[in-house]
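Note sheet for the following structure.
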Amino acid sequence: MCWAGRMVLGTLSMLLGLVQAAAACEFGPFPYRSTGIVCRMTKPAALLLNRETAQVIQAAFRNAQFPNITGERSMRLLGRVAYGLSGIQVNDLSIERSEVELKEDNAIHISIRNVTALFKGTLTYGYAGAWFLQLFHSVDFEIESSIDLQLNINLMCQKDQVAPDASDCYLTFHKLTLHLQGDKQPGWLKQLFTDFISFTLKLVLKREVCKEINTVAQTLTNYILDLAANFVRDGDIAVDISLASDPVIKATYIESYHKGIVLYRNSSSRLSDSVFSPSLLTESRMLYFWLSEHSLSSLAAAAFLEGQLVLSLRREKLQELFEMEDSEVQRKAVQMIFQGTSYNDSVAKVWSLSQPQISFQPKGTIVRSLVAVEIRILLAGEEPLVALYMEKEITATIQATYADKKLILQPVDSSVVIKVFRCTADPSGEDPSIQSFLQNMILAAGIPEVTSSIGSALTSLLNSKRLDLFDIINPEIITREGYVIVQLDFGFPSHLLLNFLEKSL
């Protein structure tokens, strides 16, 4: 269950949303001790996401509010020349390439090469000659530009959450050519005003574009944090994903550490003895999530308290369960239990009587719980008849996989001990045919059916958080003693970033 996995929306979002510096946060002297969830993104993922940087930069240029530029200059013999540029807009923006580099000084360096942009607006100028001759004129202008952009995004921590600072921003101009009224030929007037405004225009473009990039970075980061917080929330159950320790930025990966504390109504569980170590993760895949046994066990406990661990089976599902094999023993047992009534007139309910105990081992996830099973026969005009009631202690080893956008839970080993047994067809609980049939049915069909239903429910929950919009490639869910690792490659759905930018900026 890679519930931390929705922190993915482009270089300026994912790189910022996953990590933060500890400049304003204190985590104590023991790193990783309170870590319940870890995210590691390797360099290949950063390179993939860097392809989306162009969209962010384009949005920053488009949404920059360029002020009117005014100035004046005194010229010998000609008097004073004043000018103003207004209505500046950006058209025909393109980016040749973008490069990203992870630095161990806790910063992300992004180089945007050859940003070509066409700025349009109106130039108004006034000329007062030495003999009191006054000329005032307005012309449309175009400015052709070619710019390199260097971003050094520093990561700060505020209230245990990420606060990006993209103010370390540099623009290098390779070309800045002014055209008046579409005239592409050089002239004294164009040359005069190009000399006047070139320096001022460069300063204004740098200030406004860099300011807008910083705004976009902060907006995206807030969006990602909200998205991630919603992803790990279901009703009154939530997971605290604030930072548990200082992040790490290496040349080959970024790694962040989150508390992973389960919040349920007014209670929470605290982890103080995490077994995480950076050596537990490799760098062969694009994205890793490390989840502690404590965090997932606490989620199961909260789901139990919320009354979510309940399953009802009717009609076809009930028939599949009780007719897993075609034998005389099976037919006799079913006839006795259901007293000759149709599956359509019956309902089975399965629920957990105690908080499930979850532990991770190399062979899989081991789940222990006390479970109740009840079969009711619905009689027309009468109170439902409880045909069967059982309480059983179940221990199951479950392996999890994720394929075709579905979470699949597969039991590989199970044991059942019946603690309470009441059956109208077998009041003494000593009928060997019923006892044998129920034991086999629970192991061979009951536990797989319950785990399959839980897997389907979790898949629906994950998809409701939009996980199915992402291209998850060859995911692996690996259990070890005390923790689980989810590792995967991914493809980025560009339309998510585009939709967000269009709506937010």
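The backbone N, Cα and C atoms fix where each Cβ goes, glycine too.
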#### Entry: Cysteine of CYS39, CYS210 paired with CYS169 via disulfide, per TrEMBL
CYS210
### Task
Identify, in sequence order, the residues in the chain of CYS210 (disulfide bond) that are 6 or more apart from it along the sequence and have a CB within less than 8 Å of its CB; answer 'none' if there are none.
ALA166, SER167, CYS169, LEU171
## Note on the structure
In all the protein chains shown, the tally of other Cβ atoms within 10 Å of the Cβ of CYS169 (disulfide bond) is 20
